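J.: Feature list, courtesy of Swiss-Prot:
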type	residues	note
TOPO_DOM	1-58	topological domain 'Cytoplasmic'
TOPO_DOM	80-655	topological domain 'Cytoplasmic'
COMPBIAS	102-140	compositional bias 'Low complexity'
REGION	102-151	region 'Disordered'
COMPBIAS	141-151	compositional bias 'Pro residues'
DOMAIN	169-232	domain 'MIT'
REGION	261-325	region 'Disordered'
COMPBIAS	262-320	compositional bias 'Low complexity'
BINDING	Gly424, Pro425, Pro426, Gly427, Asn428, Gly429, Lys430, Thr431	ATP binding site
Amino acid sequence: MLFDLINSFLKNGINNSNNNNNNNNNKNNFYNSLEDDDYLLNNQTTKVSLYLYFFIFAFMFLVVDLIMLYYKHRENIESRETDLSLKLNKMLIDFENDNKIKSSPTTSTTTTTITPTTTSSSQLRQPSTPKTTTKTINSPPSTPKSPPPLPSLESKLLYKDDIKQQLSLNEAKSQIDSAKQLDESLKYNSCIKLYIDGIEKLMALFSSYNSKEYRDYIDFYLKRAEYLKNELKKGTNLKSITNFNNFSKEYQINYNNKILEQQQQQQQQSSSTYRNSLNLSSSKSNSTINNRHSISSLSSLNSTTATTTTPSNTSTITSPGNKYGLQKSLSSTTLSLKKSSNSTNFQQPSPPSMVIPDIKGIDKSMVTLIMNEIMDRKNPVKWDDVVGLDKVKQSLMESVILPNLRPDVFTGLRAPPKGLLLFGPPGNGKTMIAKAVAYESKVTFFSISSSSLTSKYVGDGEKLVRALFAVATHFQPSIIFIDEIDSLLTERSSNESEASRRLKTEILVQFDGARTNGDERVLVMGATNRPEDLDDAALRRLVKRIYVGLPELETRLQIIQHLLVGQRHSLTKQQINSLAEVTQGYSGFDLAALCKDAAYEPIRRLGIGIKDLELNEISLISFKDFANSLKQIRPSVTSQSLKSFEKWNQKFGTI
């Protein structure tokens with residue numbers, strides 16, 4: 001029985017131990033399974049992280065590589081642009097140097113030679129007429145043209161490498177033509193390099209094909225390439241860059257103006273040289289006459305015979321000391337020759353730097369006189385200098401300036417008028433507006449007065465009128481401005497002289513007669529303050545009649561403000577407005593006189609004491625000074641004349 005009890009105890013213990021082991025094994029298996037799952041999860045997370053890091057690093061390397069490529073490309077572009085800019089600047093410098101060395105002078109210096117006359121002891125001979133030698137240059141083209149064509153090669157090949165030069169020339173021309181096509185298509189970045197490459201090849205052939213046309217061709221495209229480079233460097237919008245055709249027209253206009261300025265400078269130099277030589281001749285002649293007079297006076301001191309005057313106006317001086325009884329005579333003709341040598345024998349030479357065109361039926365001396373009336377543009381008057389007169393400026397812009405800048409647009413019914421009249425009370429800027437038109441329109445401008453077309457010789461006035469219109473037609477587009485036109489084209493009557501009548505008739509015929517052509521670009525602009533005195537035929541030809549009246553309130557305010565610019569004054573804005581209101585009826589000239597008189601008021605108060613004062617110690621111009629000046633400076637235009645102008649404007653005026 002004990003044995004059975006022990007045996008059952010052992011069995012129970014073994015079973016319990018087995019159960020415990022099973023439980024432990026189950027627990028261990030559970031934990032092992034959990035550990036296996038975490039391990040797998042950790043392995044998968046690690047793999048995903050590695051792939052993610054790999055893609056991130058690859059993307060970063062790609063971005064860095066792209067950035068490096070961008071900056072490298074940008075550096076290459078900047079380097080190429082720098083090289084092109086340096087190459088272009090070098091070509092410009094070389095081209096200017098070649099022009100200075102190889103270009104032949106266009107004019108030769110005018111020299112005036114005076115041959116000294118040998119005089120005997122008995123007779124004073126007439127001085128010889130001065131001889132002048134002049135050379136002329138070709139006149140600038142009258143209308144803007146396209147750039148000069150590439151000059152053709154010589155027919156004879158003088159060197160072995162002429163074929164290579166011809167191929168190089170053709171290649172350069174092909175590159176420039178391609179660049180021109182890109183230029184017209186607004187592909188400016190691409191055309192600059194082709195321009196530079198083509199010009200570089202042309203400049204390499206300078207020694208073989210050096211001519212004016214060749215230089216002009218290179219100069220035009222050099223200027224175009226330089227202009228495009230500067231505009232692109234500034235970041236200008238492509239549509240705002242001047243296109244090829246407009247640039248060509250502007251280049252030709254500037255080229256013509258440059259030649260005209262050079263001609264005027266050379267004309268002034270030659271005229272001064274001629275005057276100096278003429279004065280030298282006169283001084284020599286006068287010294288010779290004085291010597292003869294001194295000899296005659298010394299002889300007359302011992303003379304016992306009085307001086308007698310004969311009907312032939314010859315003064316005879318007899319000297320008893322003369323061994324052979326010779327008479328020393330000075331005729332009045334010889335003496336008058338000395339006085340009138342400037343007007344008769346010594347004719348004004350033609351300007352050597354201005355070409356004298358060969359015009360059928362026109363004397364060259366008349367043409368020379370007319371060409372001296374071409375206005376000089378050294379001191380130009382611009383639109384901004386003309387204060388107020390907005391309606392007048394707008395009308396002139398439409399009638400004069402725009403048609404000359406775009407002649408292709410203003411054709412047919414848009415063709416500009418051939419005659420224009422500025423009328424109104426004096427002192428309101430009619431002449432100043434004409435000067436502004438002369439500068440802004442960029443055309444040949446003739447400033448004519450009545451003295452320019454009158455002569456003491458019968459028939460010369462009509463010849464001068466004919467020469468004026470012929471020269472203006474030759475240099476068209478051009479403007480003929482006649483100040484105080486009423487002095488030339490007053491109403492014809494039976495009481496006037498025959499010469500005046502012929503002169504008016506010739507002006508009207510040349511203005512718009514049977515020989516005139518509708519395609520001529522010659523505008524006649526007149527200014528007057530007596531429009532009622534003009535002839536009816538002249539009014540018919542002066543189609544556009546613009547009234548330049550007294551300044552209005554706003555214009556008077558602008559004029560006063562413009563005159564006070566740069567002056568030391570204490571006027572407030574309200575006081576300036578008050579001045580503009582109280583000056584109703586004042587012309588532009590009256591306002592200028594008023595401001596000048598007011599500026600003198602502080603100096604009047606100082607008197608002689610101003611010599612000891614500094615400039616900044618002089619008192620400022622005050623409103624009180626203007627009040628004192630208003631008592632002295634009155635309007636110069638009467639109300640009656642103003643009413644007559646307004647009445648004439650309502651009847652015949654345009655605006």
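Indices start at 1 and increase along the chain as displayed.
Quick reminder: no glycine exception, Cβ is built from N, Cα and C everywhere.
The shown structure was predicted, so the numbers you read here are calculated from the model rather than taken from an experiment.
Give me the local environment of each listed feature.
T.: For the topological domain 'Cytoplasmic' (80-655), the predicted model reports an average pLDDT of 71.
Around the Cβ of Thr431 (ATP binding site), the number of neighbouring Cβ atoms within 10 Å comes to 16.
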J.: Can you break down the domain 'MIT' (169-232) into helix, strand and coil residue counts using DSSP?
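T.: Reading the DSSP string over the domain 'MIT' (169-232) gives 54 helix, 0 strand, 10 coil.
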J.: Here are some binding-site residues: Gly427, Gly429. Which one has the most Cβ atoms within 10 Å of its Cβ?
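T.: Per the Cβ count, the most surrounded site is Gly429.
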J.: Around Asn428 (ATP binding site), which residues of its chain at least 6 apart sit with Cβ under 8 Å of its Cβ?
T.: Leu389, Val548, Gly549, Leu550, Pro551, Ser587, Gly588, Phe589
J.: Fewest neighbouring Cβ atoms within 10 Å: which of the binding-site residues Gly424, Pro425?
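T.: Among the binding-site residues Gly424, Pro425, the lowest count of other Cβ atoms within 10 Å belongs to Pro425.
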J.: Neighbourhood of the ATP site (Gly424, Pro425, Pro426, Gly427, Asn428, Gly429, Lys430, Thr431): other residues with Cβ within 8 Å of the Cβ centroid, in order?
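T.: So the additional residues around the site are Ala527, Asn529, Val548, Ser587, Gly588, Phe589.
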J.: Tally every other Cβ atom lying within 10 Å of the Cβ atom of Lys430 (ATP binding site).
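T.: A count of 24.
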J.: Excluding near sequence neighbours, so keeping only residues 6 or more apart in the same chain, what lies with its CB under 8 A of Pro426 (ATP binding site)?
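T.: The list for Pro426 (ATP binding site) reads Asn529, Ser587, Phe589, Ser636, Val637, given in order along the sequence.
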